Ligand SMILES: CCCCCCCCCCCCCCCC(=O)SCCNC(=O)CCNC(=O)[C@H](O)C(C)(C)COP(=O)(O)OP(=O)(O)OC[C@H]1O[C@@H](n2cnc3c(N)ncnc32)[C@H](O)[C@@H]1OP(=O)(O)O
Ligand SMILES: Cc1cc2nc3c(=O)[nH]c(=O)nc-3n(C[C@H](O)[C@H](O)[C@H](O)COP(=O)(O)OP(=O)(O)OC[C@H]3O[C@@H](n4cnc5c(N)ncnc54)[C@H](O)[C@@H]3O)c2cc1C
């Protein structure tokens with residue numbers, strides 16, 4: 001064990017196991033999670049070479065094999081709890097996505113949430129036993145964001161009681177769905193529904209695309225892989241062109257909307273229920289932001305504890321780079337964000353399941369807030385985590401740029417979260433749409449609830465416009481900082497609403513006024529989400545009984561909130577002493593930095609990083625890893641070229 005990293009652990013002021021248990025929910029949950037992870041770690045079937053030593057085709061084949069092995073093994077172990085399945089798969093896939101990922105994350109959830117009981121009876125056994133292997137095909141070459149303009153059509157033919165599916169143009173070819181290219185034999189296809197000559201907008205259909213016996217594409221189906229990407233090399237994101245493909249009427253997901261045998265259309269309680277799977281994934285992505293950022297912090301902070309470089313004081317030994325204030329200022333606010341997002345991810349998941357429970361009982365009243373919250377927090381946390389992973393990589397110097405550091409793989413796997421499941425700017429504008437509506441309701445005296453109730457407070461404090469009120473912040477008191485973030489959010493929502501109002505008074509259209517206020521609208525959503533994160537972090541602290549853990553997390557929460565103020569100082573009165581306070585907090589956090597990342601409890605296999613190894617023996621393992629590179633399998637490779645050059 002590296003002596004530096006041993007010393008770091010000896011210096012901690014709290015018990016990492018206590019914090020790990022808190023993050024898991026209990027000591028028993030920690031035990032069970034580790035037990036499940038050890039099933040993977042100790043399984044020779046999952047000991048394979050680094051995918052970075054493989055070609056794209058080899059990586060895809062290995063991913064399919066791993067997905068298949070996981071299915072068999074989970075069955076053999078009798079593991080069926082969704083959270084335990086997630087622990088098992090997360091350990092097995094390490095930093096990469098799995099070939100059957102979309103089947104689990106979107107195809108199955110869509111069947112669960114949008115099939116009638118009769119349809120579930122038919123499709124769930126097929127899908128849960130992987131006979132029907134599916135994906136979620138919504139995006140087309142011409143449209144990803146603007147789904148109301150998707151062009152694929154499903155036209156009902158009452159004479160045969162079938163839908164006829166077509167991609168009428170090049171731009172209507174389905175493009176991007178994960179697992180579509182080579183893996184899936186079915187797809188949930190989002191298409192414009194036409195019946196009795198009328199278009200009823202986007203609806204979801206189960207479309208067989210490959211033969212379940214031969215896996216060959218079915219008649220009328222052109223399908224394939226879209227080619228190499230920035231990352232996601234294990235995933236066969238694909239294209240799908242449908243030409244007069246006929247499916248039975250029963251293949252339209254009819255829990256909310258129906259087409260009768262004669263072609264008559266029965267509309268849903270809300271036309272946004274078709275969008276439900278997207279809200280689910282957005283909500284879950286918030287937790288993924290926390291995991292990607294906490295892994296990156298674990299790697300960068302452990303490495304910073306064992307890396308010695310440069311000279312702090314002449315003549316003294318090279319210090320640990322973690323002792324540089326600049327290094328701390330890079331990493332510790334990200335560590336704080338990783339904890340903040342861990343708590344927000346738990347809150348978002350709980351809120352999603354609570355509200356969808358009400359929706360399943362027919363109460364749709366909280367759907368707009370769920371959509372706005374999931375959209376905003378997905379954008380806010382992925383943008384922060386995405387940038388943070390890069391900071392962690394660069395904080396590791398040259399070795400961070402090696403694949404064996406784990407950081408490039410974490411980055412290229414995580415970065416599309418800012419785009420897929422709703423491009424982040426578009427998501428922030430969706431949240432702004434909800435905030436402006438709530439602001440107007442508050443001004444009319446309506447009582448708001450949930451995360452926007454602060455907009456009522458702002459009205460009671462009239463007539464002073466929020467923007468004129470001084471932001472007096474007690475920089476040592478988290479409650480005071482929460483208030484500052486609340487005031488900032490209220491102020492920026494008011495600024496955005498007034499910008500819209502001003503544009504409208506210039507008698508331009510609502511749409512143009514909206515577009516001309518987009519900067520203020522996105523800033524208002526960002527401020528709202530930032531307030532929600534700080535508020536939730538503070539609320540979580542009130543649940544912690546262990547004084548040592550409470551103290552270290554309180555320090556992180558203060559750092560997160562104060563650092564956020566310095567990043568947005570234009571919105572707060574730049575309090576000069578904040579920088580000094582931040583420096584003092586960095587010093588406070590320094591002895592606990594390694595223990596704080598240890599508490600995330602990532603085992604080396606899942607971290608997949610020679611820099612972030614628990615034992616800190618980075619150089620030895622880097623050298624061993626490099627020697628395994630395929631290029632090193634022969635001592636001399638292109639001697640023919642050398643000979644040609646030498647002959648010249
Ligand atoms: C097992 C688990 C593991 C988890 C582990 C996680 C890891 C996960 C790995 C996954 C691996 C890759 C997975 C990528 C998979 C894709 O990327 S799938 C494709 C994703 N595509 C998108 O997200 C498209 C984004 N675009 C949209 O959602 C819509 O076009 C927009 C932007 C919301 C606009 O929709 P629109 O119909 O034009 O609506 P708009 O006119 O803006 O608003 C109309 C009203 O509808 C409301 N509305 C809009 N959308 C919604 C909605 N969804 N709900 C409710 N209301 C809504 C608006 O709020 C508005 O309400 P009001 O203000 O009128 O009251
Ligand atoms: C790795 C990966 C996996 C994916 N998996 C799937 C999948 O499984 N299934 C599936 O259906 N799709 C999938 N997608 C597609 C993904 O959902 C879309 O790429 C995403 O919704 C963004 O849409 P777009 O590509 O059309 O971007 P665009 O909307 O064209 O974005 C381009 C720019 O236009 C801006 N813009 C667009 N509209 C507005 C607006 N109204 N106001 C202001 N700015 C705007 C955006 O902010 C952005 O800056 C995947 C994508 C990736 C990268």
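Going from the start of the chain as shown, residues are counted 1 onward.
Positions of Cβ are set from backbone N, Cα and C atoms, glycine also.
According to TrEMBL, the domain 'Acyl-coenzyme A oxidase N-terminal' annotation covers 15-132. Across the domain 'Acyl-coenzyme A oxidase N-terminal' (15-132), the DSSP tally of helix, strand and coil residues reads 90 helix, 0 strand, 28 coil.
For 136-245, the entry in TrEMBL reads domain 'Acyl-CoA oxidase/dehydrogenase middle'.
Long-range Cβ contacts of residue 139 (FAD binding site) within its own chain (separation 6+, distance under 8 Å): 174, 175, 176, 177. The DSSP secondary structure for residue 139 (FAD binding site) is coil. Per TrEMBL, FAD binding site is recorded for 139, 178.
If you look up TrEMBL, you'll see 275-436 marked as domain 'Acyl-CoA oxidase C-alpha1'. Averaged over the domain 'Acyl-CoA oxidase C-alpha1' (275-436), the predicted model reaches a pLDDT of 96.
Taken from TrEMBL, the feature active site, proton acceptor applies to 421. Long-range Cβ neighbours of residue 421 (active site, proton acceptor) (same chain, at least 6 residues apart, Cβ-Cβ under 8 Å): 278, 281, 282, 285, 378.
Residues or ranges marked as domain 'Acyl-CoA oxidase C-terminal' in TrEMBL: 477-637.
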Range from 15-132, 136-245, 275-436 with most C-beta pairs under 8 A to the domain 'Acyl-CoA oxidase C-terminal' (477-637): 275-436
In the chain carrying residue 178 (FAD binding site), residues 6 or more apart in sequence that have Cβ under 8 angstroms from it: 97, 101, 102, 135, 136, 232, 235, 236, 237
Three-class DSSP secondary structure - residue 178 (FAD binding site): coil
Three-class DSSP secondary structure - residue 421 (active site, proton acceptor): coil
